[in-house]
Amino acid sequence: MPVAAPSSASSDLRSPLLYPAQPPAGDGEYATEKLCIDDMLRKYCGEFGFWQYKHFVLTSLAWALEAFHTMVMIFADREPGWRCVGQVSNCSSGAGSVCGLEPGSWEWVGGPGSSTVAEWGLVCGQKYKVGLVQALFFGGCMIGAGIFGHLSDSKLGRKGSLTVVCILNAIFGCLTALSPTYWTYALFRLLTGFSTGGVGLCAFVLATEPVGPSKRGLAGMSTFYFFSGGIAVLSGVAYIFRSWRYLYIATSIPSSLFLFLILPFVSESPRWYLVRGKMDQAMKIMHNIAIANGNYLPGGVSLALDDESSTSPNSKEEVESKEAITGSVIDVIKTPRTRLRLILVVAINFSCSVVYYGLSLNVVNLKTNLYINVLVNAVAEMPAYILTAVLLDKFGRKPLGVGTQWFSGLFCILGSLLSGHGKWKVVRMVCGVLGIFGMAGTYNLLFIYATELFPTVVRNAALGCATQAAQMGAILAPFVVVLGGGIPFAVFGVCGLVGGILTFYLPETLNRPLYDTMNGMEDGESAWTVA
């Protein structure tokens, strides 16, 4: 008979001295109960106790690093103010731009080192180079997301991949500050994007995989607080370091600090150990979770993949001979169920990214203090995260995904019909704020939704494809913004409405198990369909 799980409500916790761990039985009965990770968390270890809380917070700090490396371009590539020099007759401070003014008749406020625009003269006919650097960065993110998504599912693991990207971010970020020319700067931004593309992806999966199914949604939704918090902190850092070179160094140092001060206290995912055939390491982590949470994991219980879990005995030779199970995007495409899911997730992430980044870029059009604008924009996203987190387990992933995208899309459509002058300009601005509010909630939801749609063996590979699609949308967004007028709002509105329609075709994952293998998912989904 399986050992009964202790009551979570009991205040009399079992002492290791009174209740020692059960030794393994003979070779024929090495384990009396085989459970998948979700069942073991529910029954014995605890779904979200002290261990998961500490692991989640430490791992999610990596999102702040991604915010630093991504949003630093707002300040480093800004066009600073300018002023006339001396009593030059053909220079007027009321001119809309410096284009057409004679060299030497004006100067940048803050000097040429205040931004890349000032240092390399990226104005007038050279202004496209600012957008090119941004596109190259997101292009690097797109490549990096796919590569590190595969590596984190295979040999490197979640923690190993996160370690590599932090090392690369620290190196490339500091080298960016030393760029002697524009094209060198563009190259290092491309390389920084390559490593940044894997940060949020690896951190999200690593933070949420040890969390139990009933708490995973709320935990997953909470990761984006760290991203918004990173943007808010960045505005203060940029206010202190007004030189773009010093700013890049200041935003790269935290990656090194995270590498040496945080990562040593972060554990590898037990799910990754399990699918790689490293049963001993996976069980060690599960025991650590149970102990830290004040629970008791009997020695006669062992882990199994979701398509193997049962209460039948498991021989010691079977456990020790488990081979690593690997998967890739090819495996996702081969299976009809996951192929359709991947296509839908990629399309939805693309459309949402166009809206989110497109609306975010409109901050510069407010013509007010840039540091305060970025801070307010970051803080404004947090209520959306709170609302979606509260409603996630009440209404489910699918209805919330449809609703937030349509909410954003409808206000964007309304903004496209309004004039950009007088009082209507303020109303259009409000439509933009409400649009980004809805899309911020969607963006938060998509990560946890996509995580639950694919099994562990291919999860990061699938998320890598979704992240690549999001980066493609980010590359396109600036080109939509430059169209001006009501056209960008119309494009954002259509993208939001189409994304909501596509979400209708995804299955609901609320309270569904997090599968480990492709076969386990097929069997489990078929059982849910029959039920």
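The count begins at 1 with the first shown residue.
Backbone N, Cα and C atoms are what each Cβ position is placed from, and that goes for glycine too.
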Annotated transmembrane segment segment (source TrEMBL; candidates 131-149, 454-472): 131-149
In contact by Cβ distance (the transmembrane segment (246-266), the transmembrane segment (371-392); 3 or more pairs under 8 Å): no
Tertiary contacts of the transmembrane segment (131-149) (same chain, 6+ residues out, Cβ under 8 Å): 70, 73, 77, 116, 156, 161, 164-165, 185-186, 189-198, 201-202, 460-465, 467-468, 471-472, 474-475, 478-479, 482
Any contact, the transmembrane segment (399-420) to the transmembrane segment (487-506), with at least 3 Cβ pairs under 8 A: yes
Contact call for the transmembrane segment (487-506) against the transmembrane segment (246-266), three or more Cβ pairs under 8 Å: no
